[in-house]
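S.K.: The structure's right below; bear with me while I get my questions together.
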Amino acid sequence: MAKTYVAVDIGASSGRLMLSQLVDGKLKLEEMHRFKNGFTKKDGHDRWDIDHLIQEIFTGLEKIKKAGYTEITLGIDTWAVDYVLVGKDGERLNDPVSYRDARTQESIEKLTSELPKEYIYEKTGIQFLDFNTLYQLFEEDQDLLAQTDKILMIPDYIGYVLTGNAVTEVTNASTTQMLSLREGLFDDNLLEKINVKQEQFPKLVDPGTNLGELADKWHQKYDLPKTKVVTVATHDTASAVVGTPAVGQRWSYLSSGTWSLIGAELNVPENGEAAFEHNYTNEWGAYGTYRFLKNIMGLWIIQNVKEELDNKYSFAELAGLAGQEEPFQQFIDVNDDRFQNPANMIQELQAYCRETGQKVPETPGEIAMAVYSNLSLYYANELEILGNILGYKVDALNIVGGGSNVEIMNQLTATIAGVDVYAGPSEATAIGNVIVQMIAEGDILNVYLARRIIADSFPLKKYSPEGSLQYKLNEYQAFLKETKKTTV
Ligand code: LFR
């Protein structure tokens with residue numbers, strides 16, 4: 001019987017356990033358990049309930065055992081940058097703070113007044129986002145930090161709880177903005193600035209490293225399959241890129257979930273002046289690659305809108321309502337900081353339109369269309385910037401993740417950007433997670449062949465440009481320039 005692989009894939013808004021097998025050269029994928037995730041205010045900060053997430057993993061594993069799978073291999077991926085502090089007794093010292101917490105709002109300015117941005121970018125090649133681990137640790141409670149034996153990124157912490165073994169996996173560690181691009185180690189100057197020691201991070205490992213067996217104590221407590229844990233590309237975006245079918249000669253990707261990550265896979269990092277100026281990042285990918293990309297606010301905006309409408313409409317229904325409206329009724333800089341964690345997203349969008357003298361979207365359909373059409377404009381704008389930095393025009397955009405189901409955005413993006421869009425698979429992250437396990441176990445030879453298998457196993461939908469909307473993109477670009485000038 002084919003070996004059984006399980007991906008634990010936890011994003012900012014939901015988590016899932018996906019079961020996968022390679023049968024007759026095709027990947028089978030089945031969702032075994034799904035649960036909600038989110039942060040709540042506790043002790044003055046927005047925090048994740050990490051114990052609850054781990055509990056959900058056990059619930060999922062029990063379901064898998066009940067379904068008859070007695071032996072599995074398992075990998076864990078989650079969002080990036082956040083961490084857990086673990087004391088000398090091996091227990092966590094607090095509930096991890098979410099990257100959307102306000103504590104780092106001023107931290108880039110504070111830290112870079114001492115250590116110039118140019119130095120940090122030259123060293124790390126990582127984009128400046130105020131929630132990077134570097135700034136979070138800079139703001140960390142110094143008493144807690146003094147008691148800290150280990151700093152573990154979220155998926156590394158979960159792996160540690162499951163197996164008792166602690167590592168620092170590199171795809172996720174690169175998002176700390178503390179790894180040196182050239183040496184591949186944490187940079188001493190950066191660590192010193194935030195009062196952290198090299199030894200507080202367990203040893204760096206690559207995706208595909210065996211972490212160990214599930215600890216006995218969990219088998220005693222729950223009815224679980226025999227489980228071998230493999231450290232995969234633990235950053236969800238790194239897994240999503242592994243799980244991208246890579247259609248096109250000069251392909252690009254858009255990993256479309258809570259965040260929209262748009263970029264290209266490179267074999268050599270690109271941290272020159274243009275990349276710095278446009279705040280592009282070189283996060284480490286699996287198999288020695290770099291994820292040269294830009295973070296765009298993404299479906300987070302529509303997720304909030306949906307909640308604020310009391311979940312009266314599903315995502316599909318919101319997209320349906322949007323489809324009845326005209327696109328481009330207003331321009332919105334979706335990456336404006338004000339959308340990162342507003343008290344009320346709908347009101348924030350409306351206030352933005354009012355303040356910029358534009359039509360205010362009122363109905364659910366108008367609001368959804370305002371979000372979708374502006375996300376598409378932003379994607380197209382970034383594709384142009386990406387091409388300018390890399391010196392070539394990409395010939396295909398592979399959209400993966402939950403957002404690849406939003407047809408209206410796929411079509412708009414193809415037309416505005418003037419590029420073929422290939423949508424799917426929507427579960428690319430879980431797929432990338434199991435692919436790294438399969439390669440580690442010797443079931444698939446390498447990532448190139450894996451991507452062929454992915455393209456063969458999941459239906460992809462192609463969207464070609466319908467006419468040209470280049471003039472709209474030009475107008476949008478002029479708008480962004482103008483508003484950035486007035487808001488800086
Ligand atoms: C996507 C993601 C992004 C990262 C953001 C915060 O889920 O991992 O890549 O920038 O979340 O961790």
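Just so you know, glycine gets a Cβ as well, placed from its N, Cα and C.
Because TrEMBL annotations are produced automatically, they should be read as predictions rather than curated entries.
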S.K.: Which of these, Gly164, Gly391, Gly402, does TrEMBL say binds ATP at the same site as Ala12, Ser13, Ser14, Gly15, Arg16, Thr258, Gln303?
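M.R.: TrEMBL lists Ala12, Ser13, Ser14, Gly15, Arg16, Thr258, Gln303 binding ATP, and from Gly164, Gly391, Gly402 it also lists Gly402.
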S.K.: Write down the one residue from Ala80, Ala450, Ala455 that TrEMBL lists together with His235, Asp236, Thr237, Asn295 as binding substrate.
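M.R.: It is Ala80, as the record lists it for that site.
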S.K.: Quick test of your reading of the structure: among the binding-site residues Ser13, Gly15, Arg16, Thr237, Gly402, whose CB sits under 6 A from ligand 1?
M.R.: Thr237
S.K.: Round to a whole number and give the Cα-to-Cα distance in Å for the pair Arg16 (ATP binding site) and Asn295 (substrate binding site).
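M.R.: Between the alpha carbons of Arg16 (ATP binding site) and Asn295 (substrate binding site) there are 23 Å.
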S.K.: For Ala80 (substrate binding site), find which of the recorded positions Asp236, Thr258, Gln303 come within 10 Å, Cα to Cα.
M.R.: Asp236
S.K.: Just give me the nearest neighbour of Ser14 (ATP binding site) among the recorded positions His235, Asp236, Thr237, Cα to Cα.
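M.R.: Ranked by Cα distance from Ser14 (ATP binding site), first place goes to Asp236.
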S.K.: Which secondary structure state does DSSP assign to Gly402 (ATP binding site), in the simple three-class scheme?
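M.R.: Assignment for Gly402 (ATP binding site) reads helix.
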